[in-house]
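Over in Swiss-Prot, the protein carries these features:
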BINDING   Cys53, Cys58, Cys64, Ser293  [4Fe-4S] cluster 1 binding site
BINDING   Cys79, Cys83, Cys86  [4Fe-4S] cluster 2 binding site
COMPBIAS  294-308  compositional bias 'Basic and acidic residues'
DOMAIN    65-282  domain 'Radical SAM core'
REGION    1-24  region 'Disordered'
REGION    294-314  region 'Disordered'
Amino acid sequence: MMDTPIIRHPEKVRRPDNPSPRKPEWIRVRAPVSHEAAEVRQLMRSKNLFTVCEEAACPNIGECWKRRHATFMILGDICTRACAFCNVRTGKPGHVDDQEPVNLADSVVAMGLKHVVITSVDRDDLADGGAGHFHRCITEVRSRAPSCSIEVLTPDFRDKPQGALARVVEAGPDVFNHNLETVPRLYPTIRPGARYFHSLKLLDRVKTIDPGVFTKSGIMVGLGETREEVLQVMDDMRSAGVDFLTIGQYLQPTLKHVAVDRFVTPDEFKDYADIARGKGFLMVASSPLTRSSHHADRDFEDLRKARQDAAATK
């Protein structure tokens, strides 16, 4: 008997296909076919771990896995949200794997990581949204790999107790990332389970809990936003004290996902970067293939140096 194929997005199955424009020549990526990539994949399977690299169909997976870098996705591979842009499976999640913090730390040690990025699916089914599990993962990695810097990319903990966010921040990540993803006008169609100003307030609260932690947020472009809306998001992020901004091109995972409205040119990305630096961000990454965790290890070193340089000029 053949296994029933997994339907990753049951809520999208009945939708008509949404063809996107053809990708331009500046969007070219390599498949994850290197020996190093095979080793990373095998390690993840052996430790029962998931990566956002695979689950979200990241275009940079070939490059990152060749460098033996991966972004760990905790709390399972099934999300309780159904964002229009995301390739992660939607449905009813299973139990939380209590062994995951240990397996995660084992993998960080085995890969010799100097910087690790930990993200998760949304777990609206959990009382704390998974905050306690984030705390345990951070603590375990810190214990097993004390020289490894830790970056978290969290969900919004919407409708969860105030202490949920504090639980994550107080575990002591070096970088706290929460992506706004798009401009507020597009939230009802692109990110219907979230609220723009809630996410913005979350980033602001992180700095209140720990003023020393680096905060980071990103958006996708090519979804139908205007230039003026992108600049307003930059201003909103700076008002919330965000240190590091990432801007990348939205790429459609399947024909059932929202279509690409347009492909933003490399020159436009450069223009956004120049404007953002002028608004006071410590760091900006803006290019067609920029993703939240792409080159996160190198970016963390640059981020620390940027803060030191800024302090020296005051």
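Placement of Cβ uses the backbone N, Cα and C atoms for every residue, glycine included.
According to DSSP, Ser293 ([4Fe-4S] cluster 1 binding site) is assigned to coil rather than to any helix or strand. Cys86 ([4Fe-4S] cluster 2 binding site): 23 other CB atoms within 10 A of its CB, across all protein chains. Other residues of the same chain near the [4Fe-4S] cluster 2 site, with their Cβ within 8 Å of the Cβ centroid of Cys79, Cys83, Cys86, are Arg81, Ala82, Phe85, Asn87, Val88, Thr90, Val121, Asp122. Recorded residues Cys79 ([4Fe-4S] cluster 2 binding site) and Ser293 ([4Fe-4S] cluster 1 binding site) have their alpha carbons 19 Å apart, per Cα-Cα distance. For Cys83 ([4Fe-4S] cluster 2 binding site), other Cβ atoms within 10 Å of its Cβ number 21. Rounded to the nearest whole angstrom, the C-alpha distance between Ser293 ([4Fe-4S] cluster 1 binding site) and Cys83 ([4Fe-4S] cluster 2 binding site) is 19. DSSP assigns Cys86 ([4Fe-4S] cluster 2 binding site) to coil in the three-state reduction, outside any helix or strand. When averaged over the domain 'Radical SAM core' (65-282), pLDDT in the model lands at 95.
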